[in-house]
Structures are given as structure tokens and as C-alpha cells.
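Going by Swiss-Prot, these are the annotated features:
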- Asp37: active site, proton acceptor (ACT_SITE)
- His65: active site, proton donor (ACT_SITE)
- 36-42, 64-66, Arg327, 353-355, 436-438: GTP binding site (BINDING)
- Asp37, Gly64: Mg(2+) binding site (BINDING)
- Asp37, Glu38, Gly39, Lys40, Asn62, Ala63, Gly64, His65, Thr154, Arg168, Asn246, Thr261, Arg325: IMP binding site (BINDING)
- Val321, Thr322, Thr323, Lys324, Arg325, Lys326, Arg327: substrate binding site (BINDING)
Amino acid sequence: MSTTIAVNGNHYQQLHQGRTSMYKSKVDVVLGAQWGDEGKGKVVDMLASEVDIVCRCQGGNNAGHTVVANGTEFDFHLLPSGVVNEKCISVIGNGVVIHLPSLFDEVLKNEAKGLQHLENRLIISDRAHLVFDFHQHVDGMQEAEKGGKSLGTTKKGIGPAYSSKATRNGIRVGELLGDFNLFSEKFKSIVNTHLRLFPSIKVDVDAELARYKDYVDKVRPYVKDTICFLHTALRNGKTILVEGANAAMLDIDFGTYPYVTSSNCSIGGVLTGLGLPPQTIGEVIGVVKAYTTRVGDGPFPTEQLNEIGDLLQTRGFEVGVTTKRKRRCGWLDIPLLKYTSLVNGYTCICITKLDILDTLPEIKVGVSYKRSSGDKLDHFPGTISELSDIEVEYAVLPGWQTSTEHIRNFKELPENAQNYVRFLESQLSVPVRWVGVGKGRESIINVH
């Protein structure tokens, strides 16, 4: 019996070694650890200067990333933030849903700010699904029908496009570049499906088909089989960075459902959205804002509907890049971060916008949840009703009341600011590798 166990053990070890040795490099991932707007784009921009390829794996132009490079502020919605690095290839993966008019509008706006030669360094998956204008109309109608129970959607058509994908009548980029007659038939079919469900929407089919025929030659230079491209890159030792859109608490499975987006914006979405196996994943970087914000509706346990919330909103310029709506603000939430770390397996943390807390005499941190009955929770609530019934217990930490904006060395931060970082680190049992104290990439401090 002992011989059998040893043989099986060797087989297992050989299998494991065989699978991992196929690739000469790993894929590092940057994920939002809260409800979005954590500053992922800035972290990606910082790391993109050291990698060969940057990828988007899910979501659409409902995401918003702001990057400041060489004094110029770029706003990205579909383009990966890594496009500011001219030596880097940017990939829009199969899990992304693409509204072509918005994509090319975004390209033009950023070219006007100095972003050049994208045709040489942007690749779009032929398997990515298309978002059409009628998807956006339906999105707005569905939100309006909910009345006071709206989900806070961006009305960019993301949910309806993923619905089309799930019901197997969506249209992919590769189909646009194939036989246009077949594309036209599929387009008419999907329009008719939506008209049966939403008779009031207006779609000029001929005009839309003419518009998309114009897009064929425009988009063709960018389109490739990204799955093959990425696996070849890994076998050749190329370094790859993935920029997650949205954030863990907006994940369709793990977020505060139904106040979520329509894709998997946790680590699982990276694998399915790019066609990567689990053993290719290296570092998983959780980006954590030094306080908590949320755009739109839904539960928010540590929200501060008072002067603290107003101060955070004002000092942090908390306005959505995509929606232009004011973000709701509150204290840092440790139970929430423990939960998203559980799901994503963060190997390190980047804390952003620490400088926004500079003026506060004391800072609260939510450290545990308890029910109204007084019982402490040992898990993150899975339903809205349960989450609405909890009370947050806070730790109170002393503030530092001095500017950190121009500090570039962790040991030069005020002692209480360092203690705030170390407190988060100890609570999550995940090392904090970077701390951000400003807008540009130069404001990110290396902790270790």
C-alpha cells in the first residue's frame, strides 16, 4: 500500500510540474477590492512601464479609469490604462462587451491628448461581444421601470449585452468581420427579439447596418485571436498585467446582488475573460481606497451621511468618471475587505488616497459586523436584507493632521499614518506593498 501511495504521489508531482513548466512567465492581476473607483488605473499605469502586455478581461464602457501621465489626465472606459505606455501591447479580451461607437470616440479623445499609434499596440478579441445602441435604450428603460428600486446602472447597455450573450443570440466582433450578410441576418434577429420584449424602442435597422459596415475596415486591424496571442506570449516569457474593471463588491456572483454589474470582476473573471488557466496567475494586487466609496444604489454599511461623508466627498473629488454622479462616502470596512480577499486571494495590497484623510483628528475603521440582536457575524452577509440588518463596530485611530501629499518615502509619513497602514495590514493578514498620496504615478510610495 505504501508503494502505491508513493507512486501516486510522484505522478501527481510530475503532473503539477508539467502543467506549470509550460509557461515561462506569470500573469499579474490588479483588482478593485471595494465598490470600484479605488485607483486601479493609476496602479496599472505604474506597473505597465515594466510589462509587455496589459489586458482588460470583463465589463465594458461602464468602467472608468483616470490616469495622469506626464501632467496629462487621461480618462479610459474601454481602453486598458496601459495604453499610455507606448512600449506596451494593450488587449481587450473575450470577456469584455464593446460598444464600437464609444470605443472609437474614446480613441479620438485620447489621441487629441497625445495618445498616438494605437493601431500598432491595441488588440481586440474576435470573441468579444458587441453592445448595440438598442442595448443601451433597453438598459435605461429597465432602470426606469424599477422606479424607487433602481440598481444604479450606468445605462451603457452592459447588462442587456451580457443578457444577449447568455441567451446565445449576442453578436461577437469576429462575426462583424466575417460574411456581412450573415452579420446582417443575426443583427435583424436580435433586434426583432428585443422589439418583441420592448415594443417601444426604435431601431433604424438599415442605418445601423450601414454604420456597422463602416466599422468593419476600421476595427479589422485591431482584431486577433487573443487567447492564442496571450498563451504564446506566456510561453515566450512575456510579462502580462491584467486590469480588472469595476470591483469585487460589484461582481455578479460575489457582490451585493442585485446592486452589482453583469460580469465577474473578481479573479474568476480574469480566467474566463482572457482564456487563461489558473496556474498562470502570479501576483493578485488588491487596490483599496483608504476609505470607502460607492456610486449608485445599494447597501453601504460604513456610509457616513454627515459632515465626514461630505468632507471625504469634497477632498477626494469623489465624482464618477463614467456617470458623473457624486460618490457616496464612508469609513474603511475591514469585514468587506476580508471577504473580497477571501474570494480573490490578494497577495498584496495597494492603499490609495491616504492623503484625503490628512485633515481628520481621528479616523474610524469598521472592524466587525453584528446583528441587531447583538450576535457578531463571522461571514459577510449574502443577502441585502441581512446586510441591511447589521451594525458596524468601529476602531478609532488617531489622525495625523498634516499633509502627506508630497511625501515619497514610507518612513517619512507621520507615525499615525504609518500606523493606519499597518493596522489595515494586520487586520487583513496581507502585506501592503504601496501607498498612494496623490494623483500621479509618482505619488505611489513603495512600502517594503
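Every residue number used here counts from 1 along the chain in the order it is shown.
Cβ from N, Cα, C; glycine included.
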If you count the other CB atoms within 10 A of the CB of Arg325 (IMP binding site), including all protein chains displayed, you should get 13
For Thr66 (GTP binding site), find which of the recorded positions Asp37, Asn246, Arg325, Arg327 come within 10 Å, Cα to Cα. Asp37
What's the CA to CA span in angstrom from Lys324 (substrate binding site) over to Gly64 (Mg(2+) binding site)? 10
What is the interatomic distance between the Cα atoms of Lys326 (substrate binding site) and Asn62 (IMP binding site), given in whole Å? 16
Specify the secondary structure state of Lys326 (substrate binding site) as given by DSSP, simplified to three classes. strand
Measuring Cα to Cα, tell me the gap between Gly39 (GTP binding site) and the residue listed as 'active site, proton donor' in whole angstrom. 7
Counting Cβ atoms within 10 Å of each candidate's own Cβ, which of the binding-site residues Gly36, Gly39, Gly64 comes out highest? Gly36
For Asn246 (IMP binding site), write down the residues of its own chain that are at least 6 apart in sequence and whose Cβ falls under 8 Å from its Cβ; none is a fine answer. Gly32, Gly36, Gln58, Gly59, Asn62, Ala63, Thr261, Ser263, Cys265
Tell me the Cβ neighbour count for the residue listed as 'active site, proton donor', meaning other Cβ atoms within 10 Å of its Cβ, over all protein chains shown. 26
Just counting, how many other CB atoms are there within 10 A of the CB of Lys324 (substrate binding site)? 9
CB neighbours within 10 A of Asn62 (IMP binding site), counting all protein chains shown, number 27
The binding-site residues listed are Lys42, Gly64, Leu354, Val437; by CA-CA distance, the one closest to Arg327 (substrate binding site) is Gly64
